[in-house]
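K.L.:
Handing you a structure now.
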Amino acid sequence: MRDLAEECGVVAVYHFSSDTVSPLCPGGPDSAPTLIPRMLLDIQNRGQLAAGITRFNDRHSHLLLTYKNVGTVAEVFALSQRDRFEELMKNFAGRAAIGHVRYATCGKDDPSYAQPFERHHIRKHKWFSFAFNGQIANFPELRERLLRDEDNHLVRNTDTEVIMHVLCRELNPNPAPDLADVCRAFPREFDGAYSMVFLNALGELMVVRDPLGFKPLSWACDGSLFAAASESVALLNLGFAPEMIKPVAPGQAIIVSEKGIRFVQFATAPHRAHCFFEWIYFSNVASTLDGRSVYLARKALGEELARLETVPVDDGKTIVVPVPDTSKAAADAMAYALRVPCLEGLIRNRYTGRTFIESNLNRDAKARAKYTPLREVLEGKRVLLVEDSIVRSTTMRVLIHRMRELGKPAEIHVRVACPPIVSPCFYGIDMSSMGELFAPRYLKNGEITEEIQAQMARDLGADSLRYLPVEAVARAIGIDANDLCRACITGVYPTPWGQKLAEEARRRWREGIAGRTYDVEEQSLTTGLSCSERVAEEMEFDSKAKSELARSR
């Protein structure tokens, strides 16, 4: 739902220095970085906290140059101020560039946490910049390992800095190691999700996707211009034909230089773990992820909701109302199947951002400011209110109250195009504690019955509540359930550290310890027993968890 935050988004461009100029980059090879803000705008849905760019230019003393700040893409790149934007882009001329939009799963709302992260070195192959989308579940372990050496010091409490130091270590040998070999270290080091873009002072660009393919990543090339982005819509709007846009395979690195494009399969896995929430909420509805249309998946979810509907719809009083905007495709499909109108009973203020993507502060106030109920649509109606998901319930509670107060509907029936969120995420979604989730507090023996849903509806202020069943997700997306990460709706995680952190989160919830699982990490440096030490001592995989994980694969 709107009180969720997504992981981040990455983009990359590389224009070969041939005589042929790509029509998608009419300013010539050195204007390639000007494409970055355009691409970032298309994936702004993935993060509104900060944005940044690094460019490569071998005719400049600053071979790599990075600019980043807190704010939206339009704010960071001064898109509404032509002179400032053009001056900025003049300083960022070059043949290659990477970019990033951020929201924080760990770390702080601080400019120094914005990406890309650049590491300067006198040796060109050791001078690099990178950005990534995802989250490293074993970040506590990696950080502690680094800090065992008293000469080591970490500035930021974030997995991004740890990744940077792993890259430094792998790039340390002289002469320069093959970037393919650098990637082969990732599966040994990282448990979690990472879709990464990398650029070094030799002018080598690399895009990398983790072996399970948690987060989406697409690429395209017209012969002169190579581009990659978290979502296909950024490449489509750049001008690439749909048939030119392809997913980066899980466990694949694409290395681009003046020598050409090289595809390296640095790791394989027996299954995939594509985040199902990308199709339900996070991704742009115009994107296609791993061959599956986001729009068609949401449409199918709405059809699933229609098949489950029991509320009377043939008396002329029933309407379907989507919670803007990600629920619209599901609501349209549900209404069409039920043969009832789908109307805009809620108008969204499009300048307040996505409350799940923003920081934890003032979510309640932002939810109130975000939606305006229309009495002329809602009054006296039986409303089937369609939402993509309910995570914390902040927005839904406020929304139902405002709809009753201002819209005067006869009934409000909440229909959720997602199963209940019952477990935290440690792969890039801002929900790493049990206490912040709405559904777990109602669970009995791991199930949410009709009776429990009725109680949940009363607590929300609705007349009824219905979720989709877990099995509907894979059906709607069109991907085998074993190739989807559904940890937040099943409690079974595709990696060992995900499962371990989930057990730690449940323990903290049982003991009444508030806050996100990662929020205690800074404290652990001074209070003794750390999260990863506790996990190692108390939360070893039991046989049941191991067997469930094996079955999920």
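Any Cβ shown, glycine's included, is placed from N, Cα and C.
Note that the structure is predicted; figures quoted are calculated from it, not measured.
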K.L.:
Same [4Fe-4S] cluster site as Cys425, Cys485, Cys488 according to TrEMBL: which of Cys183, Cys221, Cys275?
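P.N.:
Record check against TrEMBL: [4Fe-4S] cluster site with Cys425, Cys485, Cys488, extra candidate from Cys183, Cys221, Cys275 is Cys275.
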K.L.:
Between Cys485 ([4Fe-4S] cluster binding site) and Cys8 (active site, nucleophile), find the distance joining the two CA atoms and give it rounded to the nearest Å.
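P.N.:
For Cys485 ([4Fe-4S] cluster binding site) versus Cys8 (active site, nucleophile), the Cα atoms are 18 Å apart.
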K.L.:
What's the CA to CA span in angstrom from Cys8 (active site, nucleophile) over to Cys275 ([4Fe-4S] cluster binding site)?
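P.N.:
Cys8 (active site, nucleophile) to Cys275 ([4Fe-4S] cluster binding site), Cα-Cα distance: 14 Å.
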K.L.:
Within 8 Å of the Cβ centre of Cys275, Cys425, Cys485, Cys488, which other residues of the chain have their Cβ, at the recorded [4Fe-4S] cluster site?
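P.N.:
Nearby residues not in the site list: Phe214, Phe276, Phe277, Tyr427, Gly428, Ile429, Arg486, Ala487.
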K.L.:
With DSSP assignments reduced to helix, strand and coil, which class does Cys425 ([4Fe-4S] cluster binding site) get?
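P.N.:
Where Cys425 ([4Fe-4S] cluster binding site) sits, the three-state DSSP reduction gives coil.
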